[in-house]
Structure formats: C-alpha cells, structure tokens
C-alpha cells in the first residue's frame with residue numbers, strides 16, 4: 001500500500017507534537033545530547049557557562065586566523081597577492097591608499113589625481129595608523145568575526161523564541177517538526193560563522209593584500225550586530241558609515257528596518273501609524289548620521305572633491321581594470337555613446353532586487369539581509385573576493401536548508417574551479433600572451449553565474465522550507481500522486 | 001669568450017656595441033654542465049634601422065661556449081651583421097646577441113633588457129636598448145655545412161611560439177629547397193599510410209615529452225615569457241649526401257629577417273596552443289582539449305558518484321524508517337556522521353609532506369653533505385627521493401588514532417576531496433602546459449578513479465605506485481629513449497632519472513619553471529591522499 005507509509009508517519013508526528021504539547025520537552029526527549037548540556041536547553045539559549053565554553057574554540061579560531069595572516073605577511077606571497085586584481089580593486093587597493101597618504105603629506109589634495117578613491121575618513125584613519133597597517137587589518141578581521149559571532153548568537157536566541165511562540169500558537173504543520181531547528185543544531189552556528197569568515201581563503205587574501213574592503217566588511221558586521229541587538233540608533237549610524245564607505249550598503253536599509261520592526265512587534269502595514277512613525281525615525285537617524293559624516297569629511301579636507309572622486313567613481317565606472325565583476329569587459333567593448341545608458345542599467349541592477357525581495361521576505365529580514373549582501377557583492381561595480389567572503393560567512397547560518405538545496409555540490413565546485421582559474425587565465429592573458437581577455441571574462445562570467453545560482457538555490461530552499469513548515473511535509477494531491485512544489 | 005675581440009669586430013662592422021656582465025650562484029652545483037658560481041658576459045650589437053624610429057627590434061641570438069659545440073654560429077652571425085649593415089630596407093632595429101652560459105646568459109640579458117628581476121641574477125644594467133622586441137631567432141650551428149635545419153619550439157613551462165612564425169620558417173625553407181625537421185624527424189612524403197601515421201605519432205610524442213618537461217629546448221625558450229615570439233634553429237649535419245653551405249643558410253636567415261622586418265604588428269593571430277605531428281600539420285587546442293576534458297570528466301563523474309552515495313548514506317542514517325535490505329550494504333558506522341574534522345589531519349600531513357619535498361632538499365643540502373659522503377647535487381637529489389618515498393609511510397594512520405577504525409564515509413569523503421583536488425590541478429596545469437597535464441592525467445586518472453580500500457588492495461597499491469609522478473618521469477625517460485631510437489639500459493635510465501630531478505630543481509630555481517613545485521606541492525600530496533584512501537582500513 002503506497003499511501004499508508006506517509007500517512008502513518010504523519011499521524012505519528014502529529015501525536016508526538018500534540019501529545020507532548022510543549023516544544024522543548026519534545027526535543028529533550030528526542031535528543032539525548034541535550035540532557036547532558038543543561039545550558040543549551042533553556043528557552044532563551046545559553047547561560048554564562050555555555051558562553052564560556054564557546055569562547056575557547058572562538059579564541060582558538062582567532063589565534064589560528066592571526067597566525068595564518070602573520071605568516072603570510074612575512075612570506076613572499078604577500079606582494080604577489082596584493083597585486084592580484086581579484087583581491088584589490090581600484091577602490092580599495094592598499095597601493096592607492098599609500099599614494100593618497102603621500103599626496104596628503106605633500107599638501108596636495110589626495111583626490112587631485114585619478115588614483116585615490118577612498119573616503120576621507122579612511123585616509124585620516126591611516127594617516128595615524130599607517131605604520132601599524134598589518135595590525136589594523138588583522139584586528140579589523142577579528143572584530144568583524146567577533147561581531148558576526150555575537151550577532152548570530154543573538155539571532156539564534158530570537159529565532160528560538162520565535163519558533164517556540166509559533167509552535168505554541170500551532171502555526172506549524174504537525175508533521176513538520178523535523179524541519180524545526182533544535183538548539184543542538186544551532187549551538188555551533190555562531191562559531192562556524194566566525195570560522196567561515198576568518199579562515200575563508202578570500203578573507204585571508206583580502207587581509208594579506210591590505211584591501212580596505214576588510215574595513216567595509218567590519219562596518220557592515222557591526223551594523224548587523226547593532227540591528228540584531230535591536231539598537232536602532234547604532235544600527236542607523238553604522239549603516240550610514242557603511243553607505244558612506246561604499247555606497248551600495250544603502251540597500252541594506254530595507255532588511256534592517258524590517259528586522260527592527262519585527263523586533264518591536266510592529267506589523268508592516270500601510271495604514272499602521274506606528275509603522276510609519278518608526279520608519280520615519282529610523283530614516284531620520286540614518287540620513288542625519290549620513291549628513292553628519294559627510295560634513296565631517298568636508299571639514300577634514302575642506303573640499304567636496306571626495307564626492308565625485310568616490311561616489312562618482314563608483315557609479316560611473318571609469319576604471320575598467322579587469323576584476324571578478326561583470327562591468328569591465330562589457331564597458332571596454334562598448335561604444336562610448338551607449339555607455340551612459342548601460343551604466344544606469346547595470347547600476348539599477350544592484351538596487352532593483354530590493355523591493356521584490358522586501359515584499360517576498362517581509363517576515364524573514366535576516367535572510368533578506370544575506371541575499372542583499374550577496375547581490376551587492378555580485379553586481380557592484382568593483383567587486384573583490386573580500387566582498388564575497390562576507391556573505392559566504394553567513395552560509396552556516398542556513399545549514400538547515402541543506403536538504404532542500406539542489407545543486408550545492410556542483411555550484412561549490414564551479415566556484416572553487418573559477419577561483420583557481422582566475423590566476424591561471426590571467427597569466428595566460430597578461431604574461432604568456434597566448435590567451436586573451438575573453439578567456440578571463442568567460443571565467444568571471446561563470447563565477448558570477450555560479451554565485452547567482454547559489455543564491456537562488458538558497459532562496460528557493462528557504463521558501464520551500466517555510467512552505468513545508470506551514471503546510472506539512474507530506475502533501476498529497478487530490479488524485480493521490482506525489483505533489484510537485486512550484487514556487488511562484 | 002673573447003669579449004674584447006667580439007666588441008672590436010662588431011664595432012668595425014658599424015654596430016653599436018654593448019656588453020653586459022652577470023653572475024649567478026646556483027642553488028647547488030650543476031654536475032652535468034659543471035658549473036656552480038657562474039660569471040659571464042653577454043656582448044650585443046645593435047644595427048639601427050635607417051627607416052624606423054627605433055621603436056621595434058628583432059633579435060638574432062647565438063650562444064657561445066668553449067668547445068667544439070656550436071662553434072660556427074658566431075661566424076655566420078658576424079657575416080650576416082656585416083651584410084645587413086649595407087642594406088637600406090630595415091625598419092626595425094636588429095640586435096645581434098652573443099650570450100655566454102647559454103640559458104643563464106639569455107635570462108640575464110632579457111631581464112636587464114626589460115629591467116626586471118624575476119630570478120636572483122646579478123647583472124650590470126643595460127646601457128643600449130633598441131625598441132620593443134618583436135621576434136627573435138636563436139641560431140645553433142656546429143659545422144660549416146649542414147644537411148637540414150631542426151626547429152626547436154618548446155619554451156619555458158611548455159610555452160610555444162606563435163604557429164605563424166614556425167609556418168613562416170617552414171614554408172621559406174621549402175621555397176629554398178632546404179630540408180627542415182622537427183624533433184630531429186624528417187616529414188615523410190606520404191602521410192596516409194600506417195608507417196607514416198606511426199612516424200607522426202613518434203614526432204608528436206616527442207613533442208609532448210619535451211613540452212611536458214617544461215624545459216626550454218633552446219635559447220629561444222626564455223623569450224616567450226616576455227611575450228616575444230621566438231624559435232631556435234639548429235643546424236644538423238647528418239650522413240645525408242646533399243649538404244648546404246653557409247651562403248644558403250645566410251640567405252635563409254636573411255630572408256627570415258626581411259619577412260619579420262615587414263611585419264606591421266606582432267604575430268598574434270594563428271595559434272599559441274598546438275601540437276605538431278609534423279611541420280606541415282598541427283593539432284589545435286580545439287581538437288585536443290575535449291579529449292583531455294573527457295579524461296577529467298572521469299574524475300568528476302566518479303566524484304559525483306561518491307557524493308550521491310554519501311548523501312544517500314545521510315538520508316538513510318537520518319530516516320531510519322527505510323527497509324532493512326539496504327542497510328547491510330551501506331555499512332553502518334559507529335558514528336553516523338563523522339565530522340569533516342577527521343579529514344583535516346590527512347590533508348594537512350599530505351600538504352606538509354609536499355612542502356617538505358619542495359623546501360628541504362635545497363635548505364638541507366649542507367647538513368646532508370656534512371653527515372653523508374655525497375656531493376651537494378647528489379645530496380639534493382637523494383634527499384628529494386628520500387622525502388618522496390618517506391611520504392608513503394607517513395600519513396595513513398591518523399584517523400584511526402582520532403576516531404577508531406575509519407568507516408566507509410571517511411574514506412569516501414577523503415576520496416571525494418582527492419578526486420576533486422586532482423581534477424582541479426590537472427585542469428589548471430593543462431591550460432598552462434598541456435603536455436604535462438596530459439602525461440599526468442593519462443597515468444593518474446584511471447587509477448585514481450578505481451582506487452578504494454576494499455577489493456584487491458595489493459593490486460591497487462602496485463598500480464598506484466606505478467603511476468606516481470616519479471614513476472611517470474622514469475617511464476617518460478625510457479619512452480624518450482625509445483622514440484629517439486636510442487634505447488637506454490636500466491642503469492642508464494636510473495642515472496638519467498637522477499639527472500632529470502636535479503635539472504628540474506635547477507630549472508625551477510634558475511628560470512622559474514613550474515614543473516617541480518607543481519609536482520611537489522600539488523600533485524604529490526594529492527597522490528598521497530589517494531594512497532591514504534587505499535590504506536584507510
């Protein structure tokens with residue numbers, strides 16, 4: 001009897017949940033491990049002892065990461081890595097920072113040439129810290145990882161509470177219990193996130209090349225931390241700093257606002273007065289701090305030169321040095337008089353997805369944040385591998401989607417192969433002269449398509465899981481055949 | 001080398017003459033060529049073009065070394081220089097270069113000319129320059145009459161010159177009725193009979209072996225790195241009746257230079273990736289790459305297979321509900337999900353062995369000579385072999401210490417990693433040096449695909465040892481002997497093997513050849529991973 005099996009399981013699962021009633025005991029019963037660790041079973045997550053237990057591996061990871069970076073700084077690979085176009089873009093190359101500092105010391109505006117495109121705050125930061133640059137970049141990476149760690153820890157607590165609430169309200173389908181994340185599964189996620197960020201070869205290379213992308217990542221990580229902690233004030237400030245640094249984080253405004261609203265239990269409805277009030281507040285804070293920072297920059301250099309030189313440079317893409325992005329080849333090939341139109345098209349691409357995603361992922365702002373970060377790092381005008389490392393750090397957070405992912409094996413192979421082929425094809429093109437730019441661009445294209453497919457795979461997996469959670473796993477059509485889930 | 005005489009003679013011919021001194025201490029003594037601390041001088045004369053602005057130039061280079069070998073080339077070059085001086089049609093400067101200590105001198109000159117320092121050569125700066133070098137010919141001549149010209153193409157890391165340059169020379173030789181060979185093999189007049197195919201195959205295999213070695217097969221080989229198309233022309237004097245004298249050779253070279261002089265831009269159309277079964281036929285990248293792709297596909301498919309099996313294990317371990325017939329086949333392990341951490345020690349140990357193989361022979365040579373009665377170069381080679389063999393005994397017990405007896409999942413995951421790793425590195429190297437990638441792929445791929453800890457273990461072990469890169473090298477040396485119709489004995493083979501390792505190391509340190517580091521740091525650890533898989537239980 002083909003249909004007896006699912007329905008029997010369904011009945012059993014329903015009994016399990018309904019009979020036990022409360023969420024946590026059912027999991028205590030299911031997982032013998034949890035009883036051994038009282039710190040992890042409490043509804044709110046972990047007590048201080050658990051936090052201390054987790055701190056040790058985190059410190060270990062930090063030590064390993066620092067060692068790897070310190071060794072690489074001292075090796076001959078450092079010079080090689082910092083010249084790689086995949087690691088250092090015209091926006092964040094260390095060479096250009098040094099050039100800008102030299103110009104500043106000479107009393108010339110650093111923006112007078114076409115070399116320096118950092119923001120004034122960065123140049124003043126390194127004006128004082130240039131001798132300790134290696135240290136600064138190592139600390140930046142560590143701060144990013146710790147911020148992500150704390151943020152994810154907090155997010156897991158919130159998620160746990162939310163799950164509990166939904167179970168008590170009977171929002172989940174009775175047979176979907178196995179899809180619910182257990183605290184046991186969530187226990188190592190913050191550590192894995194920190195590990196993924198710190199030991200990702202992309203991050204390591206970016207740090208060794210002293211690409212200022214690491215600083216942008218740190219600001220974004222702090223922004224995420226502040227958002228998850230529910231501090232609208234800090235969140236707005238960090239978002240303003242991130243926007244000021246690289247413009248594109250502007251689109252993170254939407255997920256952050258959604259998250260904060262959700263945390264305040266304010267429903268997102270047009271007619272709701274609280275919603276508008278809160279949105280206005282947050283927007284005001286954000287714009288206010290943005291204006292303050294920009295004015296500060298103006299007073300530092302006493303000129304508005306940095307606006308065209310930083311934001312104009314980002315938006316109009318005049319520098320077509322090859323990189324891992326999609327812009328350079330396209331605009332190198334294009335006739336000049338079309339380029340304005342296509343620059344607009346390409347740039348809109350980054351901002352375009354925010355609205356549909358905001359509608360679709362209204363209830364899941366954290367996932368929205370992740371997708372938005374990925375979109376920025378794929379479609380921005382001067383992407384580097386450091387940007388990619390930031391969103392890849394979030395992949396362990398979605399490890400519960402693993403069973404719904406379709407192509408993750410092939411896609412990860414594609415991404416790794418492309419990363420390896422970048423230097424090889426660059427060598428063939430630039431040094432050996434036997435290949436040409438098409439080879440390199442083909443790999444860039446494959447790399448980005450791989451990333452896009454990976455993100456959409458995660459996106460569909462997320463939606464699929466949410467669907468199953470509310471509708472149950474064992475769906476049966478009216479004609480008793482296995483159903484196909486079509487996502488719209 | 002008679003530097004002063006050369007300078008004077010070139011000066012008298014009306015060239016701008018410069019010299020460049022260089023010195024280089026080898027990482028260890030080169031016993032084959034008997035050199036350790038190399039000091040030398042390159043002399044070159046520039047013929048300024050009457051019709052150009054000195055923005056482009058051509059090079060005729062001639063290696064000069066003491067002894068009988070290659071003793072006629074300088075004379076021909078000087079004669080050509082004196083003739084070229086009288087002509088008015090030159091639009092590109094022509095550099096006549098006499099380089100000492102063959103490749104080392106060439107590298108020193110090229111580095112100084114382009115004002116870079118990629119190896120650790122010390123050389124005096126360069127005073128005279130002509131324009132950007134468009135093409136170069138290197139001439140080697142050991143007798144005053146020749147029967148044919150042999151064209152050497154393979155450069156550093158298997159780089160090849162533009163096929164147009166080769167075609168140009170070949171068709172010009174045909175026009176002058178000059179015999180022209182490649183790999184020392186004359187093209188047969190028929191081409192569609194079986195012996196002719198075999199002949200072409202021999203030529204092709206010789207090319208693959210030479211390219212795969214990553215060594216420059218002549219002084220031209222170093223030009224290619226600087227984006228300069230170049231070939232080496234080697235005068236051959238065999239027992240053939242009909243010989244050509246110096247004037248024919250000179251006319252041929254003059255013709256080549258006039259053709260290159262007329263070029264409006266660099267040679268850039270045509271092919272850079274090709275294999276030559278004969279001078280008039282070539283195999284293009286579009287033909288040979290798919291074949292290689294299929295070889296790699298074996299690894300990818302096998303990896304996919306393992307991945308499917310692993311994820312099947314996953315679901316079966318998770319949902320215990322599935323019927324009992326399947327479970328005995330999938331051996332249930334004590335831990336249903338051994339963490340990926342168990343894979344870290346073997347990976348780290350294998351990589352560390354590879355790094356040791358790369359660094360220790362050179363760094364440890366002093367210690368080795370103090371403790372053992374061997375010369376430095378022997379010490380280096382023997383240390384390398386010792387580490388290579390020692391690596392086989394090292395890593396394959398760690399997981400047992402860590403997690404008891406390894407389950408099926410353990411080796412499957414390790415093999416999955418090893419297969420993907422191998423596929424990636426073979427794919428990358430095949431783009432840079434196809435022949436090397438092909439030689440490694442043909443040997444490694446089938447065995448890598450079948451090896452597993454169950455089944456006929458000793459057969460697998462023997463097969464795996466037979467396809468280790470070192471065994472491949474030995475096999476290639478014998479094959480090379482066979483193809484040249486000069487078979488070598490076992491003892492000779494062993495000596496050549498030692499020599500080949502020493503030269504591989506020297507090539508890497510002197511010119512930056514990637515073959516040795518690639519094998520030591522990437523292929524060998526990957527092979528060790530497979531070895532590890534075999535002895536997992």
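Just so you know, glycine gets a Cβ as well, placed from its N, Cα and C.
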A:310-331, A:464-485 - the range that TrEMBL marks as transmembrane segment: A:310-331
Looking at A:185-207, A:438-460, which stretch does TrEMBL describe as transmembrane segment? A:438-460
Contact call for the transmembrane segment (A:338-355) against the transmembrane segment (A:220-240), three or more Cβ pairs under 8 Å: no
What residues elsewhere in the chain lie close to the transmembrane segment (A:367-395), defined as a C-beta under 8 angstroms and at least 6 residues from its ends? 86-92, 144, 148, 193-194, 196-197, 200, 202-203, 205-206, 211, 213-214, 216-217, 220-221, 224, 227, 246, 248-249, 251-252, 254-256, 258-259, 314-315, 317, 319, 323-327, 346-347, 349-350, 353-354, 357-358, 361, 419, 448, 451-452, 455, 458-459, 462
If I count Cβ-Cβ pairs under 8 A between the transmembrane segment (A:283-304) and each of A:54-72, A:220-240, A:407-432, which range comes out on top? A:220-240
So which of A:54-72, A:220-240, A:407-432 is most in touch with the transmembrane segment (A:246-262), counting Cβ pairs under 8 Å? A:220-240
Would you mind listing the long-range same-chain contacts of the transmembrane segment (A:220-240), meaning Cβ under 8 Å and 6+ residues beyond its ends? 143-145, 147-148, 150-151, 154-155, 158, 249, 252-253, 256, 259-260, 263-264, 281-282, 285-290, 292-293, 366, 369, 373, 390
